[in-house]
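Annotation comment: Swiss-Prot describes Met1 as N-acetylmethionine. What Swiss-Prot records for Thr273, Thr311, Thr830 is phosphothreonine. Among the features that Swiss-Prot reports, region 'Disordered' is placed at 277-319, 839-881, 930-953. The compositional bias 'Basic and acidic residues' annotation in Swiss-Prot covers 290-303, 842-852, 859-872. Sequence annotations record features per position, and here Swiss-Prot assigns N6-acetyllysine to Lys310, Lys720. Taken from Swiss-Prot, the feature phosphoserine applies to Ser315, Ser834. What Swiss-Prot lists as repeat 'PC 1' is 403-436. Here Swiss-Prot flags 441-474 as repeat 'PC 2'. Taken from Swiss-Prot, the feature repeat 'PC 3' applies to 476-510. Positions annotated as repeat 'PC 4' by Swiss-Prot: 511-545. Swiss-Prot lists 547-580 with the feature repeat 'PC 5'. If you look up Swiss-Prot, you'll see 581-616 marked as repeat 'PC 6'. Residues or ranges marked as repeat 'PC 7' by Swiss-Prot: 617-649. According to Swiss-Prot, the feature repeat 'PC 8' maps to 651-685. Under the heading repeat 'PC 9', Swiss-Prot lists 686-726. For 729-761, the entry in Swiss-Prot reads repeat 'PC 10'. The compositional bias 'Acidic residues' annotation in Swiss-Prot covers 936-953.
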Amino acid sequence: MITSAAGIISLLDEEEPQLKEFALHKLNAVVNDFWAEISESVDKIEVLYEDEGFRSRQFAALVASKVFYHLGAFEESLNYALGAGDLFNVNDNSEYVETIIAKCIDHYTKQCVENADLPEGEKKPIDQRLEGIVNKMFQRCLDDHKYKQAIGIALETRRLDVFEKTILESNDVPGMLAYSLKLCMSLMQNKQFRNKVLRVLVKIYMNLEKPDFINVCQCLIFLDDTQAVSDILEKLVKEDNLLMAYQICFDLYESASQQFLSSVIQNLRTVGTPIASVPGSTNTGTVPGPEKDSDSMETEEKTAGAVAGKTPDASPEPKDQTLKMIKILSGEMAIELHLQFLIRNNNTDLMILKNTKDAVRNSVCHTATVIANSFMHCGTTSDQFLRDNLEWLARATNWAKFTATASLGVIHKGHEKEALQLMATYLPKDTSPGSAYQEGGGLYALGLIHANHGGDIIDYLLNQLKNASNDIVRHGGSLGLGLAAMGTARQDVYDLLKTNLYQDDAVTGEAAGLALGLVMLGSKNTQAIEDMVGYAQETQHEKILRGLAVGIALVMYGRMEEADALIESLCRDKDPILRRSGMYTVAMAYCGSGNNKAIRRLLHVAVSDVNDDVRRAAVESLGFILFRTPEQCPSVVSLLSESYNPHVRYGAAMALGVCCAGTGNKEAINLLEPMTNDPVNYVRQGALIASALIMIQQTEITCPKVNQFRQLYSKVINDKHDDVMAKFGAILAQGILDAGGHNVTISLQSRTGHTHMPSVVGVLVFTQFWFWFPLSHFLSLAYTPTCIIGLNKDLKMPKVQYKSNCKPSTFAYPAPLEVPKEKEKEKVSTAVLSITAKAKKKEKEKEKKEEEKMEVDEAEKKEEKEKKKEPEPNFQLLDNPARVMPAQLKVLSMTETCRYQPFKPLSIGGIIILKDTSEDIEELVEPVAAHGPKIEEEEQEPEPPEPFEYIDD
């Protein structure tokens, strides 16, 4: 056994090259044990490597590389490893090889990324030896079938050639494509490179044996290529693949922005007429159509004509198909279907609300109960609780009346066709002036009903705001108009809101400032930013500043690094409200990106700013940036949740609620649990609301602590000595937990992984309830129905069943509260003589002996009963439209005997077009009527009796 390498090292001083080679081979064998000793003579080994006449100079490089590796000098080690050429074996599994390969990839990645940002002429040459090792690494991944690893390295090193090759060579091309698309959506922060990757994905998807148009359109949404989407839709219509076109339209509505959809609709309108007038026209933009277009068009016309009950000769069907697609893209269809689902499946437990109503004793809790009721009935159109408690509701005065009236907008969310009729009694009238609070609330409610889908109601709200003379009505009108015209960037709407802002009225200005942001959402409009920031720096009203703080952030929604200059200037402002606006701007610009720079900035402000509101906003904003990876959030905010500053603790609670909304994340709940007993009441409020956001729609099986928290909410509400702030949080939490009749969840991203703009906006404005309770209603924008709705070729709901392959109790509705039984009046105890007591004692002993004899029989009977109790089945059949929770989608399938085939996997959920494989007549689901006030129809007179002959006896 060798105890020293001194003898081998001495051979390096010999003249004979063969002795030196022998020494290097021996040193290579013992370098891991004697590297410290060899390091003293490493210069001799370096000299051998530099001697170009030395035959084994590559071996010298390998030994030197290993010595430097042990010394921790990884850069030198990498340089010598590159010099070792093929002697550096990338397939070796030693720690040395793994480390050097990692360093090699890091170094190569850094050079590739730097080159990507430089113009073509200024790019630095990359060491061919470095590229050689990386290429060997790629080959090793492919040989070992580690395709995901290869894709990851290819994307990091910007090697699109390897990226494409890896996907095509993998044994699961659709799986690799889905994985790559997911990476693009969630992890890529460089927009330019992401677009290049998406173009490659589009090419691969289109070149598949059966092109995957659904995923192509998902890529095109990211690329903001509306023309290509329009071309695909036209191509599908012409190829008689109308059902696929409908499915893509539904997916587009769910994932794309309003501007994108408007552009696609515009493109369809411009090509609609030529398609209709010339069947089989090849005018399809950039997507070439097959030769048999005219035949396919004819068959489509015949089938469509039969559906509409018209003769095929008339042939206006293609235009009719385009109109249907436009109806889907505009959102009209999805909103109607979701409304039907929520009305049909409403499962609200009114007992919870009744108990809360009976327990509340002040106006703040009264308002909270009204808000909770609207959350519980969001989109169900059921105002049963309010109708049953009109006298109690009438206690709401002033701004509480405004909030209560606006809550009807949440209850009737999406009930657009009859919105004006429903709200008629609360809206401003020409004849007699009503309550300003009621009228303002009514206009706000109209905005909530039409949120992000304004249409004709925008002009109505515009006129009402123009004619409003009262600041309260203007407040409600501004909020309503902002919601209805969200993201439209309409100049006339912007100008009117700006006029209202410049009146320098605190109440009007607060709503107008926020509404400006809603209208210009994500537009990055320079003029809007200048107007808003300029006015914010001038005004003396804190309320106006608060509205503008959020409004400014909304203008920069999704703009990422384009918002950096504005963020810098806001963060340096001496006004704490504008610094807070800077935090919200970071949250909106980088929402869902997981951007490290943004996270670092927020964490820095969270511990360094002198203003509590700014620190709280900074921590809250972390939730918006991390929501794509909710499992990361608890570790990021865990220390902040134990901060000495209660505002930071509150912010940490809300960040967890926002980031982990609807996930039932156990780590997040474990962090929130101690915060529900915090000595500061508003921290408890935040923890209670955040816990409900996380546990919305969770059952005891999916999240064991849900019932424990339900009891906690009830305990806080019923405790007379508890603080109003905590009670407000508990009441709101009850409403959130059971939202939409137990049929909605909260998610900041769409089912396909795109950031869901209305949800992000809704949650951000909801967090402003800290300053202004009526803004709580904005949370309704984030409620997403957890449904699967199957549609046939006529876009009607057929009667069909889905099979959920798990026990019904796993995702069941929570059991309703039991109605408490009336207690019998206690009888006054009478005096008992000692003799009577002794006699009774003897009787009891006799009875006890008899009972013991009976026990055996009773035990046998109990066992029989237990045997009779049937075990729970392992599956459940759900009727269309079905309530299916996100976790349940994985175990969902069509029944074996089903006549329908879905156009995309059921595991995605949402609205799915079904292909009918049978010729039989379809059974359709009957639509249900919405609740709410109706115009009384005149009763029809009874028909006169049939003629008869009267015979006198």
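One is the number of the first residue shown, and numbering goes on along the chain from there.
Quick reminder: no glycine exception, Cβ is built from N, Cα and C everywhere.
Same-chain residues lying 6 or more positions outside the repeat 'PC 4' (511-545) and placing a CB less than 8 Å from one of its CB atoms are 257, 474-479, 481-483, 485-490, 493-494, 497-498, 500-502, 504, 551-559, 562-563, 566, 569-570, 573, 575, 577-578, 581, 757, 761, 765. Counting residues 6+ beyond its ends, the repeat 'PC 7' (617-649) has Cβ neighbours under 8 Å at 185-186, 580, 583-584, 586-588, 590-595, 598-599, 602-603, 605-607, 609, 655-661, 663, 665, 667-668, 670-671, 675, 678, 680, 682-683, 686, 748-749, 760, 763-764, 767 in the same chain. Scored by C-beta pairs under 8 angstroms, the repeat 'PC 5' (547-580) has its highest count with 729-761, from the stretches 651-685, 686-726, 729-761. Contact counts against the repeat 'PC 6' (581-616), taken as Cβ pairs under 8 Å, peak for 729-761 among the stretches 651-685, 686-726, 729-761. Its Cβ placed at the centre, Lys720 (N6-acetyllysine) has 6 other Cβ atoms within 10 Å. With DSSP states grouped into helix (H, G, I), strand (E, B) and coil, the repeat 'PC 7' (617-649) comes out at 24 helix, 0 strand, 9 coil. Here the repeat 'PC 2' (441-474) has, by DSSP, the following mix of helix, strand and coil residues: 24 helix, 0 strand, 10 coil.
Taking DSSP states H, G and I as helix and E and B as strand, the repeat 'PC 4' (511-545) has 26 helix, 0 strand, 9 coil. Over the repeat 'PC 2' (441-474) the predicted model carries a mean pLDDT of 88. DSSP labels the residues of the repeat 'PC 1' (403-436) in these numbers: 18 helix, 0 strand, 16 coil. Counted with DSSP, the repeat 'PC 10' (729-761) comes out as 18 helix, 5 strand, 10 coil. Helix first, then strand, then coil: DSSP counts for the repeat 'PC 5' (547-580) stand at 26 helix, 0 strand, 8 coil. Taking H, G and I as helix, E and B as strand and the rest as coil, DSSP gives the repeat 'PC 6' (581-616) the counts 27 helix, 0 strand, 9 coil.
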